[in-house]
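Peer 1: This is the structure, below, for whatever I ask next.
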Amino acid sequence: MVESIRAVIGRDLRLAMRRQADIVAAMFFFIIVVSLFPLGVGPEAAQLRRLAPGVLWVAALLATMLSLPRLFADDHRDGTLEQLALAPQPLALIVLGKVIAHWLVAGLPLVLLAPLLGIQFDLAGDALAVLTLSLLIGTPALSGIGAIGAALTLGVRGGGVLLSLLVLPLYIPVLIFGAGSVDATLSGLGPQAHLSLLGALALGGVFFAPWPTAAALRVALE
Amino acid sequence: MLEASNLECVRGERRLFAGVSFRLAGGEMLYLQGKNGSGKTSLLRMLCGLTPAASGDIRWRGRPIGKLGDEFRSELCYLGHQNAIKEELTPLENIRSSATLAQETLDADAALDALEQLGLLSRADLPCRYLSQGQKRRAALARLVHEKRALWVLDEPYVALDAAAVELISGLIGAHLQRGGLAVLTTHQTVAVPAAALRELWLGADDAAQ
Amino acid sequence: MSKPVINWFRYASPLTFYPLAGRLIPWFWTLAAIFGVLGLTIGFLLAPTDAQQGEGYRIIFLHVPASWMSMFIYLVMAFWAAIGLAFNFRLSGMMASALAPTGALFAFLSLWTGALWGKPMWGTWWVWDARLTSELILLFLYIGFIALQASIDDPRRADKAGAILALVGVVNVPIIYFSVQWWNTLHQGASVSLTRAPSMARLMLWGMLLCTLACWMYSIAIALMRVRTIMLERERHTDWVRELLADKE
């Protein structure tokens, strides 16, 4: 079981490494969106500090949306998805592998960039640490939940826009607890409650989402 | 071993075929014929369990394939219209990763041997996007060289291949049948598969084919 | 033995359901009208003026039923979706897609009347109150469902994809509601509290109940009408629809 998940992760990572431009583009999208906010609302440090958690989290959601459509689309186009669906192991396990690979390629870079961007927003050390930690805990949930939307919109007209329409409302709890944890740190409440709820969401997202995703993929392949 | 009864296929609002039945035992090959759009590919996808039949059922070793699930899929090798070849990977990586996903072990020597048989050895380390159409098809077919699963379902395996490759693939299918395997395939070319107990099925000629 | 039953559901059920729905629709319309007239009479003529909120509060006779119905319809939709996925009934997929627009309409009405109520009460059209925000997200979920079904051409695939989305949605709704409430309690500074006066006059409650029943009957009637249309559209090549249309001409 672990073996087959690892095989999928390995394959997807290798494919991603051969196509690095995509990863870099999504990262720059994240950086640019975040950097636009000070230009829009003004450079006042206190205000930026208040906005930082929300801005970074929303930008992380949008950057994830950018990479989601390709999660299954390439495999669908060249026929690999049929082979995956016909493989002896349950399709949900394969999906789990793909979700993990997606997080490593699209989620983890956002986590690594977050401290740098937080400095732009004048976040202090502990808030910066909590922001990074919240992204580290929360972004797997984004990959997991997003996979459901990616599977549902596979091969559908206007798939990319539709995908955002389906997935973004489902991201709201992650956004609330993720940004909330940093807010709670800034206001001196402590982030533990938020982070543990975020962790619960991430576990649920990663381990529950592959099943509806697999069902949606089978529907798309009919 | 493979038994289909009264299959019906509806695509959109059109009924492609109905009342299709056949029975295939070990060592036999089903040769599926019919015009474009008669539902050959749809029938193959039904046999794999990808598309549900509008009515009728498909049994493998006497049990419905829907119930068997993993057990059936671990005995099935499907080669679709598309090659399932990753453009970014080399032919060698492609056949090894598809073997791993199918939970089979294929060591580098066996993989290279497969590629050699299909005349791709000199391209083994070149990303597939640089290959021609026919070479990509061969890279996809290289999976068959060491394929031991019992049921082969092949959609137009000969398309884009030259005469030598056609003969090679026919030989592989023949050897598979002699081992007691089953094969279902569609093709527009007439191809002689050695030592095959052949059954034919015409789709679209009339509703009660065979 | 089980096969004929499945076939009966698959092929005969639109055939029997279509005329049945046709006979039921007038009854539901009548009930909706009766409950509506009674409820509105109580709400607008008989119920006392609220001590704190004056006459403006009377919008709750539409606002509250609309919110309830928007949530209830989502549950019913998910129920049909689950039935459809589990048993492969065509009718249940049609029911789910027939209900979605009505649910979206109620979610929208609830937001709209909420805004109309909010302006005189709190002096603003919109507050980021937990309930309003959740209702807005519910509207998004409805729109996502409708958009997904609209963009898939094959109706069977559209049904199944919609069903998966509805089930994922119904699992998420409580999580979303909880998270929004959490968010709201954290950020609520001096904002307004939506809880009404605890003792609502019994007459008001009756009015609201009757209005809810009216909305309910309306939803059933309109969903049945929509199901009939969907059936005709999807089965237009079958013999029974051809005969039916030939009779009408």
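Count begins at 1; order follows the chain as displayed.
Cβ atoms are placed via backbone N, Cα and C, with glycine included.
Those TrEMBL annotations? Automatic predictions, nothing curated.
The annotation domain 'Cytochrome c assembly protein' is assigned in TrEMBL to C:8-187. The transmembrane segment feature in TrEMBL is assigned to C:27-47, C:67-87, C:99-118, C:130-150, C:162-183, C:203-227.
Show me how these features fit into the shown structure, please.
Peer 2: Residues of the same chain lying 6 or more positions beyond the ends of the transmembrane segment (C:130-150) and with a Cβ under 8 Å from any Cβ of it are 67, 70-71, 74, 77, 97, 100-101, 103-104, 107-108, 110-111, 114, 158-159, 161-162, 165-166, 169, 173, 176-177, 180-181, 183-185, 194.
Residues of the same chain lying 6 or more positions beyond the ends of the transmembrane segment (C:162-183) and with a Cβ under 8 Å from any Cβ of it are 71, 74-75, 77-78, 80-82, 84-85, 93, 96-97, 100, 130, 133-134, 137-138, 141, 144-145, 148-149.
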Peer 1: With contact taken as 3 or more Cβ pairs under 8 angstroms (pairs 6 or more apart in sequence), are the transmembrane segment (C:27-47) and the transmembrane segment (C:99-118) in contact?
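Peer 2: Taking Cβ pairs at least 6 residues apart, the transmembrane segment (C:99-118) and the transmembrane segment (C:27-47) are not in contact, as fewer than 3 fall under 8 Å.
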Peer 1: Restricting to the domain 'Cytochrome c assembly protein' (C:8-187), what is the model's mean pLDDT?
Peer 2: 86
Peer 1: By Cβ distance under 8 Å, which residues at least 6 away from the ends of the transmembrane segment (C:99-118) in the same chain are close to it?
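Peer 2: Counting only partners 6 or more residues beyond its ends, the transmembrane segment (C:99-118) has Cβ contacts under 8 Å with 56-57, 59-60, 62-63, 66-67, 69-70, 73-74, 76-77, 80, 124-127, 132, 135-136, 138-139, 142-143, 145-146, 149, 162, 215, 219, 222-223, 226.
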